[in-house]
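For HIS115, the entry in TrEMBL reads active site, pros-phosphohistidine intermediate. As annotated by TrEMBL, ATP binding site applies to LYS9, PHE57, ARG85, THR91, ARG102, ASN112. Marked as domain 'Nucleoside diphosphate kinase-like' by TrEMBL: 1-138.
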Amino acid sequence: MERTFVMVKPDGVDKGLIGEVVSRIENKNLKIVAMKLMQISEKLAGEHYKEHVGKPFFPALMRFTTMGPVVAMVIEGPNVIEVMRKLAGATNPMEAAPGTIRKEFAMYVTYNIVHCSDCVESANREISIFFNEGEIVSYSKSLEKWNELLK
């Protein structure tokens, strides 16, 4: 089953949107297989956003990411990367589709509530930065178990 990394950024935590993001994930019938509230260090933020090192916005991105707690999650489900990217909306909230998390709650490109991995390689790398395998809990939903019994 495909997995992705999702992070409620400091602005999402500050605005009390953790439950909103989790509800939207669960409403898409995706599984949260790992989740933790944490304060990201500069070292961890630098590792997470290493592809942006040297870009003009990198210092501001680092300050923002480390300014308050985040909620890091591993989400599992069919086509989960694509589903989460659509659920989050475009990086720029002004360009995000109506009904997406960023369109409804974000104000700026940097302060855009959530981070979602953009591909399988990024998801695997980001998951390994924030979680060890012992923190990821694989499980079957009761409906999945029931469907297996009916086969």
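Glycine is treated like the rest: Cβ placed from N, Cα and C.
Shown on the structure are the features that TrEMBL records.
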residue: LYS9; record: ATP binding site; DSSP class: coil
residue: PHE57; record: ATP binding site; DSSP class: coil
residue: ARG85; record: ATP binding site; DSSP class: helix
residue: THR91; record: ATP binding site; DSSP class: coil
residue: ARG102; record: ATP binding site; DSSP class: helix
residue: ASN112; record: ATP binding site; DSSP class: coil
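The maximum pairwise C-alpha distance among LYS9, PHE57, ARG85, THR91, ARG102, ASN112, the residues recorded as binding ATP, is 22 Å.
THR91 (ATP binding site) sits 9 Å from the residue listed as 'active site, pros-phosphohistidine intermediate', taking the C-alpha atoms as the reference points. Across the domain 'Nucleoside diphosphate kinase-like' (1-138), the model assigns an average pLDDT of 96. ARG102 (ATP binding site) counts 23 other C-beta atoms within 10 Å of its own C-beta, drawing on all protein chains shown. The two recorded residues, LYS9 (ATP binding site) and the residue listed as 'active site, pros-phosphohistidine intermediate', show a Cα separation of 7 Å. Counting every protein chain shown, the number of other Cβ atoms lying within 10 Å of the Cβ of THR91 (ATP binding site) is 16. Its Cβ taken as reference, HIS115 (active site, pros-phosphohistidine intermediate) is surrounded by 21 other Cβ atoms within 10 Å in the chains shown. Counting every protein chain shown, the Cβ of PHE57 (ATP binding site) has 12 other Cβ atoms within 10 Å.
Cβ neighbours within 10 Å of LYS9 (ATP binding site), excluding its own Cβ and spanning all shown chains: 23.
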